[in-house]
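Straight from TrEMBL, the features:
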TRANSMEM  A:12-31  transmembrane segment
TRANSMEM  A:36-55  transmembrane segment
TRANSMEM  A:61-81  transmembrane segment
TRANSMEM  A:93-118  transmembrane segment
TRANSMEM  A:138-161  transmembrane segment
TRANSMEM  A:193-215  transmembrane segment
TRANSMEM  A:221-251  transmembrane segment
TRANSMEM  A:263-284  transmembrane segment
Amino acid sequence: MDWLFFGEISLAGLAMGGLYALIALGFVIIYKATRVINFAIGEIMMFAAYLFLAFAGGMEMSPWVAVPLAVLGGALLGGVIEKTMIRPMLGESPIAVVMVTIGIASILVGLVELIWTADPQLLPSFLPRQPVFIGELYLAPKIAYGFLIGMAVLVIYLLYFRFSRGGVALRATASDQAAAYSMGINVRRVFNLAWVFGSLAASVAGILVAATGGLSPQFGIIGLSVLVVVIVGGLDSILGALVAGVFIGWLETVAGAYLGGEYRMPATFAVLAVILVFKPYGLFGTHEIERV
Amino acid sequence: MRIGDAKQTYVADEAIWTTSTQKFWFSILLLGLLIFPLLANSYLLYLGCLVGIAVISTTGLNILTGFTGLISLGQAGFMGVGAYTVAWLSTNTGLPFPITLLLAGLMAAAVGFLVGLPSLRVKGLYLAIATLAASVFLHFIFAEWESVTGGMEGLSLEPAHLFGVTFRSDFAMYFLIVPLAVLAVLAARNLFRTRIGRAFIAIRDRDISAEILGIPLLRYKLMSFALSSFYAGVAGGLFAYFYRVVTPESFPLTMSIFYLAAVIVGGMGNLLGGILGAAFMTLVPEALKLLTAALTPFFPNAPVFMSPMLEIIFGALIVGFLIFEPHGLAEIWRRVRRFFHLWPFRS
Amino acid sequence: MFNQLMQKGRQLAGIGSLVTALGLAAPALAQDKEPIVFGGSIPLSGVFAFAGIHGHAGLTDYTDWINSQGGIDGRPVQYVMEDTAYEVDRSVAAFKKITGSYSPPVYYGDSTGFMKSIASELNSMNSMLMSGASFATALTDNEQYPYQFIPGPSYSQMFGIILEYIASEGEGGDMPTVAFVYSDTEFGKDPIENSKARAAELGIDVVEEIVTKPGSVDVSAEVLKLRRVRPDYVVFHGYVLSPINEFMVQMRQMGLDTKFMGTFWSSDKLIIDKMGKDADGYMGIMPYNYYDAEESGPMLDALRAQAEKSDPEAGYRPTAYIQAWFNAMVWTEVIQRTLDAGKELTGDNMAEALASIKDWDTGGIMGIPVTVKDMSFPVGRIWRVNAAEGRYEPVSDWIHLD
């Protein structure tokens, strides 16, 4: 076995996993606060990436301006979706809400095709292009810098939720909605904020992923990989999102490299199936107790 | 004018036909279905066949999702199992279609049974994810098990045949598909007059309560999965006979979502809704195309907008119905009927 | 960015009246003879719209041109199409709709899936010849698809031509090595088995095979694999753009001097437009001359004149345009030959006429006379991107497989 090769592959996989972790974080924030499984997360990522393309490519803004603008646009989109389409579903069965997010995904795909056509696109390159070496291990520059940016955002998020007022409100709402409400927390606002922050994380990740993988209206497929991550990690666990994100990213890449690209999805979904059977609520998720 | 109907016995309550008016309209419907192919051109016949297949599959999914409350993202995968079973059997054994379709249904039911197993431990959304995983594995098997499925190339098959008669044209296929669709719906209608069907509904409404009432959850959930997959398998088998080619790309995830959408738009837990939803969702693209063609003289670039508009309409239908009309087209239909029943009084 | 779509609309509008194309208005030429109908399932929207729109333009322009030449055998030509959004079931619906109202002897199909799904119906109709956007190897099987042909080399034949080119670059015992990179789709896997066998015959070592999952994914692990084996050539198949760019950029960053090649649908201007100078040196196989090639010929000039006439502002016309034009050229030739022989336009007669095409001069569309083999036109040439000029330039002679 070629350990150097294994090391390089693993490194690439872990870096990709970092981005998965960031997307999963966005997913978990939304789920924790609002109990909504967001099947449209891949499409929100895609939308932000297209916004970046419009700002940086079409209007030729500097990436320093275009990235924040696109990310804000993605976050705003999340807020609007929550206000207009998720809020009316409050109290409906989770299945109905999930279907609404599936519908939203389809609407977003249509909008993107309407505005930017279905043609494949490349983002203007905005990351340094010199190869990165860690010891002897080569790492593609886009992946390396993408990983660093993703991690930075992740750390900011974790600090925010730990220490800021908004973060505390969000955690309070997640742990007991009624109690949070009676303590004077504006739960509706928290719901909206959760979607905004969740979409923001997804938007950052969306731009980073599209920068390496290219962009097309089929981009949302990545949402499936993220779904695996959050189920394996546990839907309501931030720690789970991080650990599972990195692990699934690694597994997918290693399976792709050693077995072939057609094994990427089956490999991660096999892990998913095992987790579902043995630990249905994920590695770190909270076990739900049902009462009649 | 008609005002409600008081039922005094359980038999009356369970009856399929409560009034002779119903029987009358149903006969008219059957007659219409019979006459339609004689009048329709090949395009309408083709659409009729598509709707028929969609009705069978949607009814199956309705049993699982609408009546038992188990959401499934694996419908396309189960249809694929049925389609491959038919393709393989008719190529390698030359069996006539009643047997291949039955086996297709049974094979899909067996797979559905397996997929349903996690429902012992997980439910709701986790179960949906489990069915998603199943559809990923099924797609993988379709693509990689080359000796049986023909790999990415897929399988081509001969037309359906029975007693020397082959079903080659759309006209012939119509008479294969539509009776089966009617049969499928009637069978489902009967199902919900039996203990099994009512157990499904009890599970949907509150599974823990149902268990306390003495309904073995696992057994009935698995039964629901198997039944629903049986429908999907038959629909997939008809799909195979209809297009006479089956490839892994014939059954994408979007197809599963399509059927879920049909159930929602039609009305969850309502058989009529399933039919309306299947027909509606199948015909929307064609209707939109007519609209585009009508607009083209005024907006020459209208065709370019069609596919994006279709995606948007598809999504907006799902979202809109869930928010504004959760009981779907069936509820609209009921209101319209009620209006005529009560006319000239207002409801 | 919204103007991209509007621009597409303009391209459509520029073709002339789409009304004619949709068959709503009377045929352009008011001749009393019954028109010959070209039918088409065309993806004007959806994932294949980037090619479908230009294919539509090509067919429309060809129809106008042939009518200005007096039609086929004195009969006018009418082009009737329906949008399919690149969905098989809608393609079939379009086919049924068109064949319900017209009886087109020839038809443009938009995908391999459609061509296969419609085959059994086509075979029992025996009244139509079909070709289109697909170069699938399977369609060269005359037993199963007797009335469907490929307007160029099949994907396997494209690989054959590419491999022949690669072999010709080898010196003596030092054959170049090659790696195949293809997508995990029917399209992507189409030529791979045949091509491995062909490479073995030529003595070319296929040192790596990489399958990529459809959709946007990071390919750096795959690039690392290629870095280990250091192939002299990487041949892409089953892509339009991504991930070709990522492979090329990353492998060059690693300092590899690998050369990159691709098949028909990955050899259009799109690669240059989107990748910019990163595209330099990329090689594609193309059975036709590019619109901006230096070659000329009576038909190629007619094509350019007609394109210029129908939309003076369009400028460069993509390969999909030329591909559609060539489809229509073959249809015309086949119909002409069938009628000349005094036969009816049945599937069998037209297939026979097609098979009889030998050393056919395409008037500059293809650079050399072409002979039909197994319902395909096994001709091609290798072109290389000159990023500074923004175009493909020929690097090989025309290659005719026998």
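One is the number of the first residue shown, and numbering goes on along the chain from there.
Even glycines carry a Cβ here, placed using N, Cα and C.
Those TrEMBL annotations? Automatic predictions, nothing curated.
Keep in mind the model is a prediction, meaning the values are calculated, not measured.
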Original post:
Are there 3 or more C-beta pairs under 8 Å linking the transmembrane segment (A:36-55) with the transmembrane segment (A:93-118), counting only pairs at least 6 apart in sequence?
Top reply: yes
Original post:
Near the transmembrane segment (A:221-251), which residues from the same chain, at least 6 beyond its ends, have a CB less than 8 A from one of its CBs?
Top reply: 10, 13-25, 27-29, 31-32, 37, 39-43, 45, 105, 154, 158, 161, 174, 209, 265, 267-269, 271-272, 275-276, 281-286
Subject >> Most Cβ pairs under 8 Å with the transmembrane segment (A:36-55), selected from A:61-81, A:138-161, A:193-215 >> reply: A:193-215
Subject >> Stretch among A:12-31, A:138-161, A:193-215 sharing the most Cβ pairs under 8 Å with the transmembrane segment (A:61-81) >> reply: A:193-215
Original post:
Which residues of the same chain, at least 6 past either end of the transmembrane segment (A:138-161), have a Cβ under 8 Å from a Cβ in it?
Top reply: 8, 11-12, 14-16, 18-19, 21-22, 25, 29, 125, 127-132, 167, 170-171, 197, 201, 204-205, 208-209, 211-212, 238, 242
Original post:
Taking a Cβ cut-off under 8 Å, which residues six or more beyond the ends of the transmembrane segment (A:193-215) line up next to it in the same chain?
Top reply: 19, 22-23, 25-30, 32-34, 38, 41, 44-50, 52-53, 67, 70-79, 81-82, 86, 120-123, 125-127, 140, 142-143, 146, 149-150, 153-154, 157, 166, 169-170, 222
